[in-house]
Ligand code: IPE
Ligand code: IPE
Ligand code: MG
């Protein structure tokens, strides 16, 4: 694949763990375990092909409303895999970052997240941005509160200043958002940032998602014309003809 055509930032809504397990007569947590195992390969490939940022939707703010047993399994798995991957992040140069509402997280995972972010902050490889306890609307509300606390005036409210107040400050918007499991919705993922993202939906359940399918999604992305509201000729594409304007 040509390096220049690789999306700088890929977001993945990793959905379908529960159905993967239910289809096999297994408890839902088995699906979450398998789902966590898939992450490693996808991080590795993304890093190898030159993706700059990989954002993984691991746990939404609405997911707190699931049965408490399932919530504690998911949070436990996140904690365990963070501890387990720490040395690999250092070896691979991965910079780890969490977006989402930390106030709702238990203390132990919060401190593991903070330590991992701190220790990996000067790494120069892939930025792995994990959305945990994340909701796009919640993120926007927290940004507005920050703006008010910083006494920003109405004129100070711009696309740039809002972007800087979001959890994703300093990170380019996602070029490509992939959702597994056949659902075709954002479920509150990166609402502000996805304004001009390309979407790739697949029926594959997250525990079955492979690097081949990631490459397939990127290939499809490379065929798209991203016009950003302009006409093709302004983007240097070879399809625009005369215009009435
Ligand atoms: C995605 O899988 C993981 C989380 C939301 C934490 P689901 O648990 O939503 O799986 P389905 O959608 O029920 O199959
Ligand atoms: C979205 O999946 C959140 C994650 C993948 C972490 P959900 O399974 O929670 O979304 P809905 O409920 O189907 O919209
Ligand atoms: Mg789901």
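Placed from the backbone N, Cα and C atoms, the Cβ positions cover glycine too.
According to TrEMBL, the protein carries these features:
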type     : residues                                   : note
ACT_SITE : 15                                         : active site
BINDING  : 15, 198                                    : Mg(2+) binding site
BINDING  : 16-20, 28, 32, 60-62, 64, 66, 179, 185-187 : substrate binding site
ACT_SITE : 63                                         : active site, proton acceptor
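A map of TrEMBL features onto the structure.
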residue	record	DSSP (3 states)
15	active site	coil
20	substrate binding site	helix
32	substrate binding site	helix
61	substrate binding site	coil
179	substrate binding site	strand
186	substrate binding site	coil
198	Mg(2+) binding site	strand
**Prompt:** Looking at the recorded positions 15, 63, 198, which has the shortest Cα distance to residue 32 (substrate binding site)?
**Reply:** 15
**Asked** About how far apart, in whole Å, are the alpha carbons (Cα) of residue 16 (substrate binding site) and residue 198 (Mg(2+) binding site)?
**Response** 21
**Request:** Might you list, by sequence position, any residue in that chain lying six or more from residue 198 (Mg(2+) binding site) with a Cβ less than 8 Å away from its Cβ?
**Result:** 7, 175, 176, 177, 221, 224, 226
**Request:** Could you state the whole-number distance in Å separating the C-alpha atoms of residue 179 (substrate binding site) and the residue listed as 'active site'?
**Result:** 7
**Request:** Using C-alpha atoms only, work out the spacing between the residue listed as 'active site' and residue 186 (substrate binding site) and round it to an integer in Å.
**Result:** 11
**Cβ under 6 Å from ligand 1: qualifying binding-site residues of 179, 186, 198** = none
**Message:** Test of understanding: give the count of other CB atoms lying within 10 angstroms of the CB of residue 179 (substrate binding site).
**Reply:** 23
**Request:** Provide, as an integer number of angstrom, the distance between the C-alpha atoms of residue 18 (substrate binding site) and residue 63 (active site, proton acceptor).
**Result:** 13
**Prompt:** Hey, which of the binding-site residues 20, 64 is the loneliest by Cβ count within 10 Å?
**Reply:** 64
**Fill in**
Result for ligand 3 contact check over recorded positions 15, 20, 179, 186 with Cβ cutoff under 6 A is 15
**Prompt:** Can you tell me how far the Cα of residue 186 (substrate binding site) sits from the Cα of the residue listed as 'active site, proton acceptor', in Å?
**Reply:** 14
**Prompt:** Listed recorded positions are 15, 63, 198; which sit with C-beta under 6 angstroms of ligand 2?
**Reply:** 15, 63
